[in-house]
Amino acid sequence: MDILSLFVIVPVLVILALVFSKGLKQARLIAMIGGIIQLGMAINLIFAYTRERAVNDSIMLFTRDLTWFEQLNIHYSIGVDGISVALITLTSIVLLAGVFISWKIEDLPKEFFVSLIVLSTGVYGFFISIDLFTMFVFYEIAVIPMYLLIGIWGTGPKEYSAMKLTLMLMGASAVLMVGILGIYFNSNADGGALTFNILEIAKVNIPYEAQKLFFPLTFIGFAVLGALFPFHTWSPDGHASAPTAVSMLHAGVLMKLGGYGIFRIAMFLLPQGALTWSWFFIILSATGVIYGAFAALRQTDLKYINAYASVSHLGMVSFALLMLNKTAWNGAILQSLSHGFMTALFFALIGMIYGRTHTRDITKLGGLLKVIPFISAIYVITGLALLGLPGFSGFVAEMNIFMGAFLHDDMFHRILTIVSVSAIVVTAVYVLRVVGIMLMGPVKNTAYLKLPAVTWYEKAGILLLLIPIVGIGVAPLWLSNMIMQSLEPFIRGVL
Amino acid sequence: MDFNSFFLMRHELTLLAIIMILLIAEIFIPASRKNSIVSLALLLFGLHTLSGFFPLAESKLFGGMFRSNDLIHFFKNVLNLGVLILLLQSADWVKEKMTSNDRGTEFFILLFASLFGMYFMISAGDFLMFYIGLELSTLPVAALAAFEVLKRKSSEAGIKLILSAALASGVSLFGISMLYATAGSIFFDEIILNISLNNLTLLGFILFFAGLAFKISLVPFHFWTADVYEGAPISIASYLSVISKGAAVFIMMILLFSVLKPLMEVWENLIYVLALATMFTGNLFALRQENMKRFLAFSSIAQAGFILLGLITGTQLGTATVVYFVTIYIFSNLAAFGVVQAISLQTGRENMKDYEGLYRTNPKLSLVMMLALFSLAGIPPVAGFFGKFFLFTAAASQGYYLLVFLAVVNVTISLYYYLLVMRAMFLRKGDDPIPFFRNKIYMKLGLVITVVGILILGLYSPLYDYIFQLSGIFK
């Protein structure tokens, strides 16, 4: 059995075990063991990848290719490079943390964990695919469980949010499908056979007219998932209604599919389309960065604050990708990872605060530092990471993004960069605002004096997410090298 | 013509034998044991379905009036499989509601007679055989639609179906006579040589096409659909939406891709417009439906619109994707109708609101429904996704990117209403949920086959490759 297919097979086995489990205890135990195994697989993958990379310099490692639909040349093709390895690890960490955070879920626990694992399987599958068709299949598998996860276990206007989110994301996938078909039917431009294989298509010179037509479709298809302005409106509603673990997986992992897809498919396969359209989408991205930051500043619901912060921070990802240079790209990938850990941690903390105080409205909270010091302290640390303090992952990512962006020799791009950088200041303001109102000062409500202590599973979840944030921040070089090295083939293809 | 060549009509002959046996059984089985007719019919039809999988020669009979080849043979097998599932799902209904007033045998005989007509329609080598097949396939269904004589809506459905079917077949016949006038023959092989584009051909073609479009319920010939589905017994509604539509799609494909291929520039545009009209109408009307049967009726109209995306191509790829999609569609829609039937049989409830909280009381049934809806909506990893993706691939291969784009917009709209059913079943708890019940063995079997089909048909690629290879006759 090859090391990558395990990421599809193991979750399916876990799901089967869950289906036959009885009661809450068994269900969460199986989910936890499954999560730990997957994290182990991810760590093993990192080591295996590093070893293999030292002796093998093909673009994708551990490749495997099984013919699926012969007539249409559809294959189950898998392979990874440094970028996918990093994102797979992110997924496994957030999934396990999510299981810990959902420890106490009582309504239909079995179904909850099954949906959660189906979602993560889709994500794994997406990251390991190097065939457009397989990738598309996994994309949809990742999105659909969200409907049930938000609709059944969510809070507030959950039916509305679940429907809006599912329809927007599936609508985006429909647009993406046209883009993929467009790429497929142009993949024989140099006289070869039609193919869905990304590495094969990258060698083909797709006609400029087709690139110009299909780049925006492919880009938007993925960008909706990455909450690109103005297609982000599903995200705040979805986050606000989702249960904690789902927000974590969603913001931490699922939204990364967007940036990854833009990079791996839209830009890699349609480089000239990217050059033609970059001015347009870069304006949207920059708008998103600023808009998200200011919108977060105005919110009082903790989840909305975080959701808009995500719009802002993921705007930076597509912004950096469109800058078409290596440093910015490196930053974009790092930002994806760093945002994944930070935002998952934020949502976990918000879930813990909400679970204890039954409100997410910061104006009703106050002085939490005195009553739940552990959670509050972690909140402050995550906040500092989010606003890009050195020593945390956010700093490394944003440094790379904006340094790379300034390298662009076009005045227009530089001005947009300056505008976008200002979002960092706004980020500082909204993070400190929340910290000030919610954590500092006197305890606002006497009922808060007797809040339950932090449990072991909550600590486990927090720790899992905190370690990488600090780890990447303190020692980014190793990760950065792994990503940089994987960027090489893209540089050759696009620049 | 020697005796052996009769075996080209093996499907038809065995089905005819089954009809005869049932007729005789009806006479000889005493009234107290009428229920055994159901098992007998199921057994016989099961054997018939199995025998269909043995290979069959490619040849013609009656001077070309009747023809058979591997693709046609495959169509018949698919239809058989669909009817078998349908029989399993409706066995309990026939037992409980129909044999009591001594009408069980008629149900089977009429149903098989209609299927018999479809065989001839698909195998037709000239317009006469085609027309006889068309009539024979429609008339018994009209009787079946009115089968629940005590329900006013059922009689109404029967009348509606027979009146509109008569009109449609009349129009179609008029079109055929015009095609005959221009080509000088009713034999397909000769028409294809002599047909050319002129005003009379055009008019003939359009009239003829309208008759078939009625059977597939393409907009604007869809008006009968929802009312008939709602009024007819559920088995008949699902027969109309699955088997009858499937057969009509097959024959339409055969005619368009071979006989009427010279008119391609005409029917290409026609199908382009009809595809859009059908998809949008079906989808937009489905949004507002409360009754599950009406809901599935509009959903099946929309699905017909998607099928047209494969028909527009006129290529081998198009043929393969259409056949593949219809096969998957038969399983998916039968699963959905099966659940509706199971619930209706036990509780008599058919509205979407009744499904609220179904997952908490009947989890297995709701999971079957979920798979069926996902397959109809085209969500991986179930079969419907592959079916739809390939249809779109076929259309895109001919450069119809705008059409594909509008079709995927429709996929999103359709997802909305399929999710409405999901919402009722999974998200809501319901004030008065349907209590837990166990299905009888036939129904269970019927649902299990559809589920297996939905899960396997897409992921298991050799089936598609096989269909693709069969479709080689339309190169």
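Cβ coordinates come from backbone N, Cα and C, glycine included.
According to TrEMBL, the protein carries these features:
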- A:6-24: transmembrane segment (TRANSMEM)
- A:29-50: transmembrane segment (TRANSMEM)
- A:74-100: transmembrane segment (TRANSMEM)
- A:112-130: transmembrane segment (TRANSMEM)
- A:130-416: domain 'NADH:quinone oxidoreductase/Mrp antiporter transmembrane' (DOMAIN)
- A:136-153: transmembrane segment (TRANSMEM)
- A:165-185: transmembrane segment (TRANSMEM)
- A:246-270: transmembrane segment (TRANSMEM)
- A:276-297: transmembrane segment (TRANSMEM)
- A:336-355: transmembrane segment (TRANSMEM)
- A:367-386: transmembrane segment (TRANSMEM)
- A:415-440: transmembrane segment (TRANSMEM)
- A:460-479: transmembrane segment (TRANSMEM)
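Residues 86-87, 90, 93-94, 97-98, 101, 239, 243-245, 247-249, 251-253, 256, 259-260, 302-303, 306, 309-310, 313-314, 317, 365, 368, 372, 375, 378-379, 382, 385-386, 392-394, 396-397, 454, 458, 461-462, 465-466, 468-469, 472, 479 of the same chain lie 6+ residues outside the transmembrane segment (A:336-355) yet bring a C-beta within less than 8 angstroms of a C-beta in it. Pairs of Cβ atoms less than 8 Å apart link the transmembrane segment (A:246-270) most often to A:74-100, out of A:74-100, A:165-185, A:367-386, A:415-440. Sequence-distant contacts of the transmembrane segment (A:136-153) (same chain, at least 6 residues past either end, Cβ-Cβ under 8 Å): 105, 107-108, 111-112, 115-116, 118-126, 129, 159, 161-163, 165-166, 169-170, 173, 176-177, 180, 225, 238, 241-243, 246, 250, 254, 257, 261.
Same-chain residues lying 6+ beyond the ends of the transmembrane segment (A:6-24) with a Cβ under 8 Å from its Cβ atoms: 30-31, 33-34, 37-38, 41, 88, 105-106, 109-110, 113-114, 117-118, 120-121, 124-125, 128. Within the chain, the transmembrane segment (A:367-386) has long-range Cβ neighbours (under 8 A, six or more residues past its boundaries) at 309, 313, 338, 342, 345-346, 349, 352-353, 356-357, 392-395, 427, 431-432, 434-435, 438-444, 448-449, 451, 454, 459, 462, 466, 469, 473.
In this chain, the transmembrane segment (A:112-130) lies close to the transmembrane segment (A:74-100): three or more C-beta pairs between them fall below 8 angstroms, excluding pairs fewer than 6 positions apart.
Segment contact is absent for the transmembrane segment (A:415-440) and the transmembrane segment (A:460-479), given fewer than three CB pairs below 8 angstroms at sequence separation of 6 or more.
Remote same-chain residues near the transmembrane segment (A:276-297) are listed as 211-212, 215-216, 219, 223, 227-230, 232, 304-306, 308-316, 318-319, 322-324, 412-413, 416, 419-420, 422-423, 426-427, 429-430, 433 (criterion: CB distance under 8 Å, separation of at least six residues from the stretch ends).
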